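Asker: Annotations for this protein, taken from TrEMBL, read as follows:
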- S89: active site (ACT_SITE)
- H193: active site (ACT_SITE)
- 7-278: domain 'Malonyl-CoA:ACP transacylase (MAT)' (DOMAIN)
Amino acid sequence: MGRVAFLFAGQGAQVPGMAADVKDLPKVKKLFDLAESIRPGTVEKMLSGTQEELNRTLLTQPTMFLADLAYAYAKEEEIGTPECVCGFSVGEVPALCFAGVLSEEDAFRTICKRAELMEAYTQRVAGCMIAVIGLAPDAVEALCDGENTHPANYNGSKQTVVACKAEAEAEFTAKVKAAGGRAMKLRVSGMFHCPELSPEAAAFEEFLRSLKMNAPRLDVYANLTAKPYEGDFARTLALQMCSPVRFTATIAAMKERGVDEFVEVGPGKVLTGLVARG
């Protein structure tokens, strides 16, 4: 093995039955039992819920947290502790837990709080996330108006995800096509990582300040800065909700420090696919 980074998968990667293949590991079983004591039924939904159920933010986030952390525990047992980690959006919370910043209990309560705030937000603001494929990030930025459409995830040199209000979806999709790109709607229930989420981010920060945060046992790269967490952890994690995910810059920073192997912990291979495509 080379110098390894774990990538914790984000919302949109959820699939029925995720983590079923690692659920019997003692550390994973303990985690799932804890989750059930806090929010009964979550593990059952993760293992046997339908795709439609898992796509609801209120369920997506807690189940992705559990699946990501379960796969990370399994992979650490298999290959050892990684040099550093990052999480994509939702994945940042299990990444922080894995690094020891938050206890399992506090981290699970954190993801449940985040899900509640974002689910309520989707009732307030109707929108979606659209992956723009085939256009450079600056070209996508030029298509966004900063009011109805915002760059939300910088995934690669030819893929940027845009947060889009429902009423602007058809017009924005047409603009992408006219510019020579392809627009693909993602399996999420709202428009995230944009300024519209600022009130929810403020409420999330207030919640986070009630928790004990520890120094990480390894570097956790923040979506907000594309650098390892330092300083005000609560503010960094809260602002992530209403700010773009800087995934491309994060991977570049990890490579610069010598990381040469990326291991996705979570269902699927979305993030390692993005790394491979650059």
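Cβ from N, Cα, C; glycine included.
Help me picture where these features are in the structure shown.
Answerer: Its Cβ placed at the centre, S89 (active site) has 25 other Cβ atoms within 10 Å. Look at S89 (active site): DSSP puts it in a helix.
Long-range C-beta contacts of H193 (active site), restricted to its own chain and to partners at least six residues apart, with a cutoff below 8 Å, comprise S89, H150, A152, N153, A163, Q240, M241, C242, S243, P244, V245. According to DSSP, H193 (active site) sits in a coil region rather than a helix or strand.
Mean pLDDT for the domain 'Malonyl-CoA:ACP transacylase (MAT)' (7-278) in the predicted structure: 96.
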